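Below you will find the structure I want to go over with you.
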Amino acid sequence: MLSALGGNLSNARQSIAQVLNFALVLSTAFMLWKGVSIASNSSSPIVVVLSGSMEPAFQRGDLLFLWNRAERTEVGEIVVYNVRGRDIPIVHRVVRSYTEEDKKLKAKNKKAGLPTVAPQKLLTKGDNNLADDTELYARGQDFLDRKEDIIGSVRGYIPGVGYVTIMLSEHPWLKTVLLGVMGLMVILQRE
């Protein structure tokens, strides 16, 4: 009877150890993601190219690394932005930049003794597109606001690696297969 109880405790310990190891892996991945987000000053420091609008510079499925620490964005720079009201990142090149003087901000900063930096407005376009992105922007928006809309500027990429993400989102059954294989590996590893 005691040997059966000891075997059950051993299985319980093994199960708890596996759950804790899995939690450790998840929390480590989350902390790494947050650390990279803070270092790059970008809410999403790694994105996948979802369309062919930036060909030949970037292909669908390329993994992009973003940086958002620069004060200004230059014409010709490739940026990733979110359209207000939608949560799909768009990767396009800045084709025009200008600053818009905000009289209220200028008066407020002058009163506080702070320098006034006019907000930067950007117009973007995909390299493989004929027209600029004004049709993609939110209703009534003609330009992107540098501080509000830009997720980051592209600083590096790995070709094709992000295609796994695209496949998983386009074919939901692949997620089920992947989870089943992972579960099977956990069960087989226990023995």
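Residue numbering: from 1, along the chain as shown.
Including glycine, each Cβ sits where the backbone N, Cα and C put it.
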Out of Asn8, Asn41, which one does Swiss-Prot list as N-linked glycosylation site?
Asn41
Please spell out the DSSP helix, strand and coil residue counts for the region 'C-terminal short (CTS) helix' (177-188).
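Output for the region 'C-terminal short (CTS) helix' (177-188) reads 12 helix, 0 strand, 0 coil.
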Give me the count of other Cβ atoms within 10 A of the Cβ belonging to Ser53 (active site, charge relay system).
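Taking every protein chain into account, the count is 20.
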Only counting partners 6 or more residues apart, tell me which same-chain residues put their Cβ under 8 Å from the Cβ of His92 (active site, charge relay system).
Ser53, Met54, Ile78, Val79, Tyr81, Thr124, Lys125, Gly126, Asp127, Asn129, Asp133
